[in-house]
Amino acid sequence: MLDDFKIDPLVKNKSPSSTTVVVAMSGGVDSSVAAALLHKLGYKVIGITLQLYNNTSGKGGCCGSTDTQDAKQVASSMGFPHYTLNYEKAFREEVIENFIDTYTQGKTPIPCVKCNQVIKFRDLLNTTKSLGADVLVTGHYIRKVEQDDEIYVYSSKDTKKDQSYFLFATTIEQLKFLRFPLGNFHKDNIRKLAKYFNLSVAAKPDSQNICFVTDTYKNTIAHLRPQTVKKGHIIDTNGNILGEHNGIVNFTIGQRRGIGLASKEPLYVTKLNPDTNEVTVGPKSALLQNKLHIEDINWLLKDKIPYSGLSVKVKLRSSHSGSTAIIYPNDMNKATVILQDTYCTVTPGQACVVYDGDRMLGGGWIC
């Protein structure tokens, strides 16, 4: 069966037996298979799991106490070493606090991107280097190709599981050290391989939720920072007061359900104003836009975005199939994106990820 899972050498001109690989093991099936496969192929595998928070509920997240035990069991059954590193303090300070800050600013965060950006691909990558390992491997569904001293990043062959959207902030320097061996395979086959290896996580469900949110994100914010949940007005697009809300952290742009207003026509959240603590609602027509601005851009091409604009495809959320657009650079690592064929809900705090076909070019945060 292993003949169906051939991968390119992780390090050029270096045999598997002389290549030390750190695999970031979340306790899920994907990273477990990545570690097991590389071990079977002869690589010197070291499994590392990051203890990010204390959660034993097992409610569809990752990197909690139960997941750590799952990863440890996989490593033990396959016969390679495994270590757990406690990153709870860094995770709380840089991911959870950022998550709350973003909501209180009237934006909708993506904590998984932030975790990849500052915990896995910064701190863990540095730890990997300090161990003398050759590469850091993850179970993400994304493809990376190095050719002519340039790095190309592509969507996964399994488009339903593609995770390139969540890795847009990964820098070229980080990508040089990272490997994604599952990018050319489909999830169904990865589960078959997990069964072939007799891994205890072979039937484990995919993580669906934000890992540290065991109830709802609203209750999580109310518990961790209750002073941020303040009552305020719900207004229409003309500024008329329609009702009262229990905190702007309970709303996201584009939200329709749970607004708490009775109306003949559907109402959507069109704006969140943290300065006045107001939630603006209106018809869907007031929500759709074809122009957006992004900041903190991570650009993977050697050539910068031309001032005349670049024709691209953009994804404004992970499930978005993509829209044709033109991106124009601005000062201070910002850009303007003009959608060409459609109007979309533009949600500040989310990511706008830029593609040329299935090649990811980079992206930025919607502001």
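Keep in mind that glycine also has a Cβ here, set from the backbone N, Cα and C atoms.
The ATP binding site annotation in Swiss-Prot covers ALA24, MET25, SER26, GLY27, GLY28, VAL29, ASP30, SER31, LEU50, GLY139. Per Swiss-Prot, active site, nucleophile is recorded for CYS115, and the stated evidence type is sequence analysis. The disulfide bond annotation in Swiss-Prot covers CYS115-CYS211 and is backed by sequence analysis. Annotation source Swiss-Prot lists site 'Interaction with tRNA' at HIS140, GLN350, citing sequence analysis. Marked as active site, cysteine persulfide intermediate by Swiss-Prot: CYS211.
In the shown protein chains, 27 other C-beta atoms lie within 10 A of the C-beta of HIS140 (site 'Interaction with tRNA').
Rounded to a whole number, the C-alpha distance linking ALA24 (ATP binding site) with CYS115 (active site, nucleophile) is 13 angstrom.
Note: the Cα of GLN350 (site 'Interaction with tRNA') and the Cα of the residue listed as 'active site, nucleophile' are spaced 14 Å from each other. Every protein chain considered, the tally of other Cβ atoms within 10 Å of the Cβ of ASP30 (ATP binding site) stands at 25. When secondary structure is read from DSSP and collapsed to three states, LEU50 (ATP binding site) falls in the strand class. Of the listed recorded positions, namely CYS115, CYS211, the sparsest CB environment within 10 A is found at CYS211. Among the residues ALA24, MET25, SER26, GLY27, GLY28, VAL29, ASP30, SER31, LEU50, GLY139 said to bind ATP, no two Cα atoms are farther apart than 16 Å.
The Cβ neighbour count for GLY28 (ATP binding site), using a 10 Å radius and every protein chain shown, is 20. Secondary structure from DSSP puts ASP30 (ATP binding site) in a helix.
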